[in-house]
Structures are given as C-alpha cells and as structure tokens.
Amino acid sequence: MTNELPEIGSPARTKAILNRYRLVAKKSLGQNFLSDLNILRNIVAAGDVNDHDNVIEIGPGIGALTEQIAKRAHKVVAFEIDENLLPVLDETLMDYKNVKIINEDILKANLPAVVADEFEADRPLKLVANLPYYITTPILMGVLQSTVRFEAIVVMMQAEVAERLVAEPGTKAYGSLSVIMQYRAHVEIAFNVPRTAFIPQPNVDSAIIRLTPREALPVNPYEDKALFSFVKGCFAHRRKSLWNNLQGIFGKQPEVRERIETVLNQTGISRQLRPERLTLLNFIELTNAFHNEGLM
C-alpha cells in the first residue's frame, strides 16, 4: 500500500470524503455512513472473512466496509445503486484491486449470473453488508431464496427488525418474519451498534445479524410459497386464537370448519392457542396437513 491516508471508516476521513464530494446522505436510499473502525472490523470478523473467501457486499457507500472486507477477502463484488457514489468509490478503493463495483439495484440483479461470472466456484461465498434499512427484508428474502449458496451472511439492520428475526415463540417480537427467516437460516445477533457510530446519526439503533443458511429441517413443507402464505395468514390477527385465524384463511363454512377441526385433532395443536405460541415446525406440520386435507 502506498496510500498513507487514514482508513476510509475513520471519522476524519469519512468527513473529508463527504465534504470533498459534497455528499449528503439520501434518506430515499436509506444512507447513513458508518464511521467507526472498530465496528467495521468487527462486522468483517463476525463473518470470519479470510483470504480464501469471495464476498458480496450491498450498498458500499463511500467504501468504508468494503475496504475492511477487501483487506481480508480474496475478492469483493459490491452492488451500489447510487451513481453519484461511483466516482467516490473509484478513488477511495483505487488501491484494492480485488474489488469490483456493480452499479445495479440488488433487488433487480441476476445474482446467480453475477456470482458465476465474477467468482471461482471452488471458493466459499459470503455476504457482508450494511443494508439499506428500508429494504432489509426484501433483500434478505431474495438472497435466501436465490439459488446462490452463501456460507454465511452478516448484515447490519435496524435493531428492532433484528429482534424480530431472532424472536422465539411466545415473545412479543415473534411474528411471521421470525418464522419465515428462521425457516431459511439459523439467525443470531452478533452485536449491537449505537446510532452515534454513523454520519449523520440515524433515528434508530442498529444491530449486526449473522445468518447461516440451513442445510435441512426435520420436516419440510410441500411448498415454500404455501408455508409463507400460511404463516402470514396466521399472524394477520395476532391477538386472535389460531381457530379464528384459520377460519379467516380458509373460510367459515360448516364443511371447512369441520376439516380445520380434523387437522387440529390430527396434529394435536390446540385451537385456542395464539399463533405466536406456534413453533416453526408447528407451522410446517400444519401447512402439510391442510394441504393433505385439500384446503391448500
């Protein structure tokens, strides 16, 4: 390295870059620039990134996290939707030849094609990113449902959303997002990030989530889409009993009610339970049972 400038994620360098390019964080893109080197390094460490790994990043901003990843990874491909940041990244990351920036919306990108074109197939692939908070869930669902196999996913998100992802049955935060995300991956909070670590400061606290995509479950639904739809329907009125929510999904006709009762008896799940008490495996079991009963 010939560049002796402070690292991009230091407060002084971040402010200098923002001032030089007259950059203002765009609320429409959920932009806040992380300017704490310890946190940036800890994010990369949470993904256990090493020189054998290929890494996808989403929303590199001015390159603060990208730099820390590039120092440890074999190669980094980062998706940046904001064209105004491209010349900034060209400058800030000019010394890192193992970084490629793609100016594309990750929600519209052909991720399998990008991975096939940019990375060797025999290297582990990881996702490490400070996600735009307003599209955190669509990004994660898209990534987890794609054919691309990630060894690990480490992302920053709003702390409140993170709590929902890791929530357990019977807790206030437990809901459809908890069930669906935990179906796709083992989820844990690596650590929390205070709002003071950003320029400008957001109005919410943040957390780093680590997801490890699942290999297999003891029981699998006959169809993922059906499971997701069923789970969302069960949580449509979370204060109501499972029985009432099931009638909302399938109908209240006498014949339908009888078939719902049959499934509940078969599975041994009480009609009086609220959906928040059901486990992931309960939801899968019910999805398959209602399918077998001809209701799905």
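We count from 1, first residue shown onward.
Yeah, the Cβs are placed from backbone N, Cα and C, and that goes for glycine too.
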* Taking Swiss-Prot at its word that Asn32, Leu34, Gly59, Glu80, Asp105 bind S-adenosyl-L-methionine, choose the one of Asn19, Asn50, Asn130, Asn192 listed for that site. => Asn130
* Among all the protein chains here, how many other CB atoms are within 10 A of the CB of Asp105 (S-adenosyl-L-methionine binding site)? -> 11
* Just report the maximum Cα pair distance in Å for the recorded S-adenosyl-L-methionine binders Asn32, Leu34, Gly59, Glu80, Asp105, Asn130, no decimals. => 21
* Taking the Cβ of Asn130 (S-adenosyl-L-methionine binding site) as the centre, count every other Cβ atom within 10 Å, in any protein chain shown. => 28
* Can you see whether DSSP assigns Asn130 (S-adenosyl-L-methionine binding site) to helix, strand or coil? => strand
